[in-house]
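Annotated features, as they stand in TrEMBL:
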DOMAIN    43-411  domain 'RCC1-like'
REPEAT    42-92  repeat 'RCC1'
REPEAT    93-144  repeat 'RCC1'
REPEAT    145-196  repeat 'RCC1'
REPEAT    261-310  repeat 'RCC1'
REPEAT    311-362  repeat 'RCC1'
REPEAT    363-416  repeat 'RCC1'
Amino acid sequence: MPKRKMLSVIDNAVEAGTRPPKVKRSRISFRLELPKRRYRVGKVFVCGFGDIGQLGLGDDIIERKHLSPVESIQNLVDISAGGMHNLVLTKSGKIYSFGCNDEGALGRITTEKYSESVPGLVVLPGKALKISAGDSHSACLLEDGRVFAWGSFRNSHGNMGLTIDGNKRMPFNLLEGFVCVSIASGVDHLVILTNKGKVYTVGCADHGQLGRISERSLLGEGRRGKRDLLQPNQVVIRKAKPIEAIWTSNYCTFLRESVTHNIWAMGLNNYSQLGYDKKVDRVLMPFKTDLKHIRQISGGDHHTLVLDNNSRCYVIGRPEYGRLGLGNVNKVASELTQIRTITSKVVHIECGTCCSYAIDQDGKLYSWGLGTNHQLGVGDGEDALEPVWVNSKAILEKRVLLADAGGQHGIFLVEANPPQRKNKTATTKQTSTSELNDVAHQNHNHNFNQELAKRERVAAWVIASNFEH
């Protein structure tokens with residue numbers, strides 16, 4: 001309403017002895033955009049034990065002490081490790097799976113011999129943007145915001161099914177009527193974030209990881225109780241801003257609030273892995289943690305790894321087997337503690353059950369924790385109490401993009417064609433004369449000196465970009 005008209009309305013209201021009409025304030029709607037599919041193309045490498053085909057190298061190869069390539073699939077941009085299976089995503093949005101398919105986690109028919117132990121295509125009604133895998137379930141986010149899942153969840157009583165109707169061996173639309181923007185899998189639960197900043201959870205609630213189930217309903221006894229677990233429902237956090245990011249560890253869920261960037265958490269806390277200051281084994285409803293400025297969270301069974309906005313790694317939880325990366329410590333880390341032995345800037349973290357990975361800005365992979373299963377990729381089978389550089393011959397001079405771990409194996413995405421590095425001291429004036437002549441010929445309307453200056457600026461930017469990444 002124009003200001004003059006508003007004043008006139010107020011004057012008339014005063015004369016008439018009535019209150020002026022209230023002006024409705026427009027409500028600002030919160031909306032998250034669908035994510036972009038990862039664009040950096042790589043090749044998959046694996047290590048560890050693969051007695052159920054989770055290495056993707058065929059039935060004959062059941063162990064790899066060092067990182068080994070899976071040659072049968074190319075042009076990959078994302079990976080996700082389940083307990084005994086893997087998902088990989090191509091740059092064109094296709095998903096391939098390999099590993100154990102006993103409960104339908106591969107999302108495809110595997111009746112042919114050896115079909116589980118080599119990558120096979122998962123047929124979907126659209127192109128995928130994101131993937132996630134748990135112990136016996138898998139999920140993906142499509143370009144239109146739908147979430148499809150397959151496989152099953154398990155709790156302390158055994159197989160729960162994926163829905164109230166049981167296991168789903170083929171992709172199933174899990175949350176109809178919503179536009180979703182992110183997914184994250186724990187061992188036996190799935191977290192979904194919608195474009196309106198609302199969080200939905202589904203699966204096992206034994207440890208409080210769903211964040212919406214009361215103590216007496218955790219086991220989902222009876223048909224109604226089971227429906228509460230296996231039908232995605234909203235996690236309600238009173239007075240909180242919409243959620244903008246979600247993460248899971250094996251038995252925990254972490255949510256980042258928009259605007260305030262507060263971190264909320266729920267789930268297993270028997271080794272303080274939630275950072276909850278009270279000595280309780282599990283937290284059933286979301287609580288606000290002391291975490292600030294967080295970029296990524298990951299975790300195993302009993303430890304949590306945190307990456308902050310300054311590219312520093314912190315850890316909390318159980319110390320056995322070196323999973324904390326803090327050296328020879330025997331005491332539970334009940335407070336977030338920085339891992340100072342990684343001196344470079346970290347850009348990605350991930351955890352297995354009892355091991356951890358970190359990737360720095362130069363693409364170097366570090367691993368630590370339980371070494372018995374050869375998930376660390378260093379070949380000696382020994383536990384690593386502090387981060388060790390994985391300098392496997394197969395990935396030397398290559399940039400590691402992503403890492404993930406299952407129950408007994410590790411999977412890694414390594415840049416397929418790393419860019420040629422330029423010497424920092426090289427000057428941009430070394431640009432070849434032939435290149436400049438080509439440019440001058442193609443752009444004959446420009447002055448040669450102007451083109452040379454332009455080329456120098458571009459070359460300087462390219463060099464700077466290479467060293468940033």
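Any Cβ shown, glycine's included, is placed from N, Cα and C.
According to DSSP, the repeat 'RCC1' (363-416) comprises 3 helix, 25 strand, 26 coil.
Residues of the repeat 'RCC1' (93-144) grouped by DSSP class, helix first, strand second and coil last, total 0 helix, 20 strand, 32 coil. Confidence in the repeat 'RCC1' (363-416), given as mean pLDDT, stands at 97.
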